[in-house]
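This is the feature table in TrEMBL:
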BINDING   ASN7, GLU385  Mg(2+) binding site
BINDING   LYS14, HIS208, ILE209, GLY210, ASN211, GLY212, ASP283, MET284, ARG285, GLY331, VAL332, GLY333, GLU334, ASN335  ATP binding site
BINDING   ARG91  substrate binding site
ACT_SITE  ASP148  active site, proton donor/acceptor
SITE      HIS180  site 'Transition state stabilizer'
SITE      ARG241  site 'Transition state stabilizer'
Amino acid sequence: MKVLVINAGSSSLKYQIYDMTTETALAAGRVERIGMDSSILVHEPHHTDEVTEVSEILEHTTAVRKVLDKLTDPEVGVIKSIEEIDAVGHRVVQGGDLFKESVIVDAKVKAGITSLFDLAPLHNPAHMMGIRAVEANMPNIPQVVVFDTAFHSTMPEKAYMYAIPKVLYKKHKVRRYGFHGTSHDYVSKVTAETIGRPVEDLKIVTCHIGNGASLTAVEGGKSVDTSMGMTPLEGLMMGTRSGDLDPAIVPFVMMKEDLTVNEVNSMLNKHSGLLAISGSSSDMREITEGMEQGEPNATLAFEMYVYRLRKYIGSYVAAMDGVDAIVFTAGVGENSAVIRQHTCEKLTFLGVEIDPELNKIRSKEPRRISTPNSKVEVLVVPTNEELMIARDTYRLVTEAK
Ligand SMILES: Nc1ncnc2c1ncn2[C@@H]1O[C@H](COP(=O)(O)OP(=O)(O)O)[C@@H](O)[C@H]1O
Ligand SMILES: CC(=O)OP(=O)(O)O
Ligand SMILES: [Mg+2]
């Protein structure tokens, strides 16, 4: 059985196709700059070199068609025809309190995802475009949605409630949901395997730091707290998102700058974070370069990012009353030895000690970077949200047959 996994963003679409008999990825790729001039499709088949194609891709339906063309291409393709694909799995960021686990897409599910647009304005509308684009190109194929929020449904009330009038929870479902759950779930399990102990016995802080970034306190294999909130804006400082701030700043800035709700939302989601502080980039590679060259704004952005990350790690150790492992994953966490080093060097109060040589190794494998003396295991675990999505898709579609 072959499963196509899609992670649709507003201007991008990442994909991966799996042969589920062996759980091997046959190809991966991404379409970027959808709706802009010169969209880019990068296709990475397992059997030959990657190909990059620049063309005009105005919307997601065209993007999916181009992906299917690449997957069935005589040279760079990995399947003979579209009929070989048995099911499509989608990442959906916000499941709210409607979805606690993965489900097969039907009209009710689509209405549910749509009703949650306000609770993930950057993400859910894009996921619906992805689902509709698949419907347009592959009518009648079973589709499954896997929610970022599902893993966090085990959080206790004291972690998910906000200290505001309860009527807002009752009327509008204002609460913490948490995101990147598929990733936090996956890396915590791989961590347990890597250190050779049952996940049920472990207290783990998982740091998913990519474009969006969140931390989770995973106790006994379950999420007990996480840094993103009702939307993916709360918590850590991110590429373009502010993370935590005094909520009084929002009405204050709206009043002083005469901003609308949409404008202030856009300011906090798209024009804040590393981008706002550095004044130049949301990309941690460029921020690090600027910092290494002594550029003051990039240095401040870097320092704020690490400082906040460290404070969150500390608070989750307190939340669980201890920690066995701290894990880094996602774009920044997997690739930036500098971020890991700066974050860990001031966790000495926990007995954290990382080995600078191990920290520098670049690899796609899960690995320890702490010394044998370290009181806490520190690991880098490459995330694999796509594999988790493919597994759920395979399971649900097979069960429904
Ligand atoms: N070598 C690196 N050093 C620092 N940051 C990196 C490196 N490689 C990638 N990144 C960061 O990873 C981010 C993307 O992370 P990723 O997890 O792929 O995000 P998303 O899934 O949200 O698109 C980029 O914005 C970039 O800042
Ligand atoms: C939920 C979220 O922030 O996702 P991403 O990191 O893909 O933007
Ligand atoms: Mg991501």
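Note: Cβ is positioned from N, Cα and C throughout, glycine not excepted.
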Recorded positions ASN7, ARG241, ARG285: which have a Cα within 10 Å of the residue listed as 'substrate binding site'?
ASN7
Among ILE209, ASN211, ARG285, GLU334, which binding-site residues lie by ligand 2, judged by Cβ under 6 Å to any atom?
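Cβ under 6 Å from ligand 2: ASN211.
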Near ASN211 (ATP binding site), meaning Cα within 10 Å, which of ASN7, ASP148, ARG241, GLU385 (recorded positions)?
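Hits: ARG241.
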Hey, of ASN7, HIS180, ARG285, VAL332, which of those recorded positions are within 10 Å of ASP148 (active site, proton donor/acceptor), Cα to Cα?
HIS180
Please check the recorded positions HIS180, ILE209, ARG241, GLU334, GLU385 against ligand 1 and give me the ones with CB under 6 A, sequence order.
none
Tell me, in order along the sequence, which recorded positions from LYS14, HIS180, ARG241, ARG285 have their CA within 10 Å of GLU385 (Mg(2+) binding site).
HIS180
Cβ atoms within 10 Å, counted per site: which of HIS180, ARG241, ARG285 has the most, among these recorded positions?
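Highest number of other Cβ atoms within 10 Å: HIS180.
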Using only C-alpha positions, which one of ASN7, HIS180, ARG241 is spatially nearest ILE209 (ATP binding site)? These are the recorded positions in the record.
HIS180
Using DSSP with the three-state reduction, classify HIS180 (site 'Transition state stabilizer') as helix, strand or coil.
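Looking at the DSSP assignment, HIS180 (site 'Transition state stabilizer') belongs to neither helix nor strand, so coil.
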Are there residues of the same chain, six or more positions away from LYS14 (ATP binding site), whose CB falls under 8 angstroms from its CB, and which are they?
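For LYS14 (ATP binding site), the qualifying residues are ILE6, ASN7, ALA8, ALA28, GLY29, ARG30, GLU386.
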Counting other Cβ atoms within 10 Å of each Cβ, which of the recorded positions ASP148, ASP283, GLU334, GLU385 scores lowest?
ASP283
Please identify which of ASN7, ASN211 has the densest Cβ environment, defined as other Cβ atoms within 10 Å, among these binding-site residues.
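Of the binding-site residues ASN7, ASN211, the highest Cβ count within 10 Å belongs to ASN7.
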Among LYS14, HIS208, ILE209, GLY210, ASN211, GLY212, ASP283, MET284, ARG285, GLY331, VAL332, GLY333, GLU334, ASN335, listed as contacts of ATP, what is the widest Cα spread in Å, to the nearest whole number?
21
